[in-house]
Amino acid sequence: MRKAAEDYNDLGLQELAQGNFEEALGLFEKAIKEDNTYARPYCNIGNILAATGHENDAIQWFARAIELEPGLELAYYGMGNSYFNIGNYESARVSFEKAKEHGMKHHDLEFMIAMSYMQSEKLEKAIEHFDACLTEQPDDVEAYFNKGMAYARMGRIEEARDVFLRTLELDPEHDDALYNLGVAYAFLEQMDEARQQFEKAVSINPGHILAQNALTELSKSE
(Lines of atoms letter the chains of each structure in order from A and count residues from 1; the text may use other names and numbers.)
(Lines give C-alpha, C1' and ligand atoms only; values in the text may rest on other atoms or scores of the structure.)
Protein backbone atom coordinates (compact mmCIF):
# COMPACT_ATOMS: atom_id res chain seq x y z
CA MET A 1 0.00 0.00 0.00
CA ARG A 2 2.67 2.53 0.97
CA LYS A 3 4.79 1.74 -2.10
CA ALA A 4 1.81 2.29 -4.42
CA ALA A 5 0.98 5.52 -2.58
CA GLU A 6 4.57 6.72 -2.97
CA ASP A 7 4.48 5.88 -6.68
CA TYR A 8 1.27 7.86 -7.22
CA ASN A 9 2.72 10.74 -5.20
CA ASP A 10 5.88 10.77 -7.34
CA LEU A 11 3.80 10.76 -10.54
CA GLY A 12 1.75 13.62 -9.11
CA LEU A 13 4.89 15.63 -8.45
CA GLN A 14 5.97 15.11 -12.06
CA GLU A 15 2.62 16.46 -13.29
CA LEU A 16 2.83 19.34 -10.81
CA ALA A 17 6.28 20.28 -12.09
CA GLN A 18 4.75 20.63 -15.57
CA GLY A 19 1.91 22.79 -14.26
CA ASN A 20 -0.74 20.09 -14.74
CA PHE A 21 -2.66 20.77 -11.52
CA GLU A 22 -5.75 18.66 -12.23
CA GLU A 23 -3.73 15.60 -13.24
CA ALA A 24 -1.47 16.05 -10.21
CA LEU A 25 -4.45 16.40 -7.88
CA GLY A 26 -5.97 13.17 -9.18
CA LEU A 27 -2.71 11.30 -8.58
CA PHE A 28 -2.32 12.68 -5.05
CA GLU A 29 -5.89 11.59 -4.30
CA LYS A 30 -5.05 8.11 -5.60
CA ALA A 31 -2.00 8.08 -3.31
CA ILE A 32 -4.22 8.85 -0.31
CA LYS A 33 -6.68 6.15 -1.38
CA GLU A 34 -3.82 3.63 -1.41
CA ASP A 35 -2.57 4.71 2.04
CA ASN A 36 -4.44 7.41 3.93
CA THR A 37 -1.71 7.60 6.60
CA TYR A 38 0.93 8.77 4.08
CA ALA A 39 1.46 12.48 4.76
CA ARG A 40 3.13 13.79 1.62
CA PRO A 41 0.18 13.77 -0.80
CA TYR A 42 -1.82 15.79 1.76
CA CYS A 43 1.00 18.33 1.77
CA ASN A 44 1.09 18.38 -2.03
CA ILE A 45 -2.67 18.92 -2.28
CA GLY A 46 -2.15 21.81 0.13
CA ASN A 47 0.44 23.25 -2.24
CA ILE A 48 -1.97 23.02 -5.18
CA LEU A 49 -4.75 24.72 -3.20
CA ALA A 50 -2.35 27.47 -2.13
CA ALA A 51 -1.11 27.96 -5.70
CA THR A 52 -4.70 28.42 -6.88
CA GLY A 53 -5.59 30.93 -4.16
CA HIS A 54 -7.44 28.64 -1.74
CA GLU A 55 -5.25 29.45 1.25
CA ASN A 56 -7.65 28.51 4.06
CA ASP A 57 -8.37 25.13 2.50
CA ALA A 58 -4.63 24.64 1.96
CA ILE A 59 -3.97 25.21 5.67
CA GLN A 60 -6.34 22.35 6.54
CA TRP A 61 -4.46 19.97 4.23
CA PHE A 62 -1.09 21.04 5.61
CA ALA A 63 -2.43 20.50 9.14
CA ARG A 64 -3.54 16.96 8.23
CA ALA A 65 -0.09 16.22 6.78
CA ILE A 66 1.52 17.42 10.02
CA GLU A 67 -0.84 15.25 12.11
CA LEU A 68 0.36 12.24 10.14
CA GLU A 69 4.04 13.23 10.03
CA PRO A 70 4.86 15.83 12.71
CA GLY A 71 8.37 16.33 11.34
CA LEU A 72 7.32 17.15 7.76
CA GLU A 73 9.09 20.48 7.30
CA LEU A 74 7.58 21.12 3.84
CA ALA A 75 4.08 21.11 5.34
CA TYR A 76 5.07 23.70 7.96
CA TYR A 77 6.63 25.83 5.22
CA GLY A 78 3.53 25.59 3.03
CA MET A 79 1.31 26.39 5.99
CA GLY A 80 3.49 29.40 6.81
CA ASN A 81 3.14 30.76 3.28
CA SER A 82 -0.64 30.34 3.37
CA TYR A 83 -0.93 32.07 6.75
CA PHE A 84 1.29 34.88 5.45
CA ASN A 85 -0.85 35.31 2.34
CA ILE A 86 -4.05 35.72 4.40
CA GLY A 87 -2.35 38.22 6.72
CA ASN A 88 -1.96 36.00 9.79
CA TYR A 89 1.69 36.90 10.28
CA GLU A 90 2.18 35.50 13.77
CA SER A 91 0.88 32.06 12.76
CA ALA A 92 3.03 32.31 9.63
CA ARG A 93 6.14 32.98 11.70
CA VAL A 94 5.39 30.09 14.07
CA SER A 95 4.93 27.74 11.10
CA PHE A 96 8.17 28.89 9.46
CA GLU A 97 10.04 28.48 12.74
CA LYS A 98 8.65 24.93 13.00
CA ALA A 99 9.94 24.17 9.50
CA LYS A 100 13.35 25.39 10.64
CA GLU A 101 13.20 23.31 13.84
CA HIS A 102 12.48 20.22 11.75
CA GLY A 103 15.54 20.66 9.57
CA MET A 104 14.66 23.01 6.73
CA LYS A 105 17.61 25.26 5.93
CA HIS A 106 17.12 27.68 3.07
CA HIS A 107 17.55 31.39 2.51
CA ASP A 108 13.90 31.68 1.41
CA LEU A 109 12.82 30.34 4.80
CA GLU A 110 14.91 32.96 6.62
CA PHE A 111 13.47 35.61 4.29
CA MET A 112 9.88 34.60 5.11
CA ILE A 113 10.59 34.54 8.86
CA ALA A 114 12.02 38.04 8.48
CA MET A 115 8.99 39.23 6.50
CA SER A 116 6.63 37.78 9.13
CA TYR A 117 8.46 39.69 11.85
CA MET A 118 8.46 42.82 9.70
CA GLN A 119 4.71 42.68 9.09
CA SER A 120 4.27 42.38 12.88
CA GLU A 121 6.54 45.46 13.36
CA LYS A 122 9.18 43.38 15.18
CA LEU A 123 11.86 45.10 13.19
CA GLU A 124 15.01 44.11 15.10
CA LYS A 125 14.05 40.44 14.73
CA ALA A 126 13.27 41.02 11.05
CA ILE A 127 16.75 42.45 10.46
CA GLU A 128 18.31 39.50 12.29
CA HIS A 129 16.63 37.08 9.87
CA PHE A 130 17.31 39.18 6.78
CA ASP A 131 20.97 38.93 7.82
CA ALA A 132 20.62 35.15 8.18
CA CYS A 133 19.11 35.03 4.68
CA LEU A 134 21.98 37.12 3.31
CA THR A 135 24.55 34.88 4.98
CA GLU A 136 23.17 32.00 2.91
CA GLN A 137 22.42 34.05 -0.24
CA PRO A 138 24.64 37.16 -0.28
CA ASP A 139 23.11 38.60 -3.45
CA ASP A 140 19.44 38.41 -2.42
CA VAL A 141 18.21 41.79 -3.64
CA GLU A 142 14.84 41.68 -1.88
CA ALA A 143 16.44 40.75 1.44
CA TYR A 144 18.63 43.84 1.21
CA PHE A 145 15.73 46.03 0.12
CA ASN A 146 13.42 44.91 2.93
CA LYS A 147 16.24 45.16 5.46
CA GLY A 148 16.59 48.77 4.34
CA MET A 149 12.85 49.28 4.79
CA ALA A 150 13.08 47.88 8.33
CA TYR A 151 15.88 50.31 9.19
CA ALA A 152 13.83 53.17 7.69
CA ARG A 153 10.79 52.26 9.80
CA MET A 154 13.02 52.31 12.88
CA GLY A 155 14.24 55.79 11.99
CA ARG A 156 17.78 54.53 11.41
CA ILE A 157 18.05 56.53 8.22
CA GLU A 158 21.79 56.36 7.56
CA GLU A 159 21.75 52.58 7.91
CA ALA A 160 18.70 52.43 5.62
CA ARG A 161 20.53 54.58 3.06
CA ASP A 162 23.55 52.28 3.10
CA VAL A 163 21.41 49.18 2.62
CA PHE A 164 19.47 50.76 -0.26
CA LEU A 165 22.80 51.63 -1.89
CA ARG A 166 23.83 47.98 -1.57
CA THR A 167 20.48 46.92 -3.07
CA LEU A 168 21.16 49.16 -6.06
CA GLU A 169 24.66 47.76 -6.52
CA LEU A 170 22.98 44.40 -7.09
CA ASP A 171 20.02 45.74 -9.08
CA PRO A 172 20.58 49.28 -10.42
CA GLU A 173 17.02 49.43 -11.80
CA HIS A 174 15.19 48.59 -8.56
CA ASP A 175 12.76 51.52 -8.70
CA ASP A 176 11.47 51.11 -5.14
CA ALA A 177 15.03 51.08 -3.79
CA LEU A 178 15.74 54.26 -5.77
CA TYR A 179 12.62 55.91 -4.38
CA ASN A 180 13.36 54.91 -0.79
CA LEU A 181 16.99 55.96 -1.14
CA GLY A 182 15.63 59.32 -2.26
CA VAL A 183 13.44 59.49 0.84
CA ALA A 184 16.46 58.67 3.02
CA TYR A 185 18.47 61.45 1.38
CA ALA A 186 15.55 63.85 1.92
CA PHE A 187 15.47 62.96 5.64
CA LEU A 188 19.21 63.62 5.72
CA GLU A 189 18.53 66.99 4.01
CA GLN A 190 20.56 66.05 0.93
CA MET A 191 17.96 67.33 -1.52
CA ASP A 192 20.02 67.17 -4.72
CA GLU A 193 20.78 63.50 -4.11
CA ALA A 194 17.12 62.88 -3.23
CA ARG A 195 15.96 64.46 -6.50
CA GLN A 196 18.42 62.34 -8.51
CA GLN A 197 17.04 59.13 -7.02
CA PHE A 198 13.41 60.13 -7.58
CA GLU A 199 14.21 61.05 -11.20
CA LYS A 200 15.94 57.71 -11.76
CA ALA A 201 12.95 55.87 -10.27
CA VAL A 202 10.55 57.67 -12.63
CA SER A 203 12.81 57.12 -15.65
CA ILE A 204 12.80 53.38 -14.95
CA ASN A 205 9.12 53.24 -14.00
CA PRO A 206 7.11 56.21 -15.33
CA GLY A 207 4.12 54.96 -13.32
CA HIS A 208 5.91 55.25 -9.97
CA ILE A 209 3.38 57.58 -8.33
CA LEU A 210 5.29 58.02 -5.06
CA ALA A 211 8.43 59.14 -6.87
CA GLN A 212 6.39 61.48 -9.09
CA ASN A 213 4.73 63.00 -6.00
CA ALA A 214 8.10 63.38 -4.28
CA LEU A 215 9.47 65.30 -7.28
CA THR A 216 6.39 67.55 -7.25
CA GLU A 217 6.88 68.29 -3.55
CA LEU A 218 10.57 69.04 -4.07
CA SER A 219 9.69 71.49 -6.86
CA LYS A 220 7.19 73.26 -4.58
CA SER A 221 9.78 73.67 -1.83
CA GLU A 222 12.34 75.31 -4.09
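Numbering starts at 1 and runs along the chain as displayed.
Heads up, the Cβ atoms here are built off N, Cα and C, so glycines get one too.
According to TrEMBL, the features are:
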REPEAT    5-38  repeat 'TPR'
REPEAT    39-72  repeat 'TPR'
REPEAT    73-106  repeat 'TPR'
REPEAT    107-140  repeat 'TPR'
REPEAT    141-174  repeat 'TPR'
REPEAT    175-208  repeat 'TPR'
Beyond the flanks of the repeat 'TPR' (141-174) by 6 or more, those residues with Cβ under 8 Å of it: 107, 111, 114-115, 118, 121, 123-124, 126-127, 130-131, 133-134, 180-181, 183-185, 187-188, 204
PLDDT averaged over the residues of the repeat 'TPR' (73-106): 97
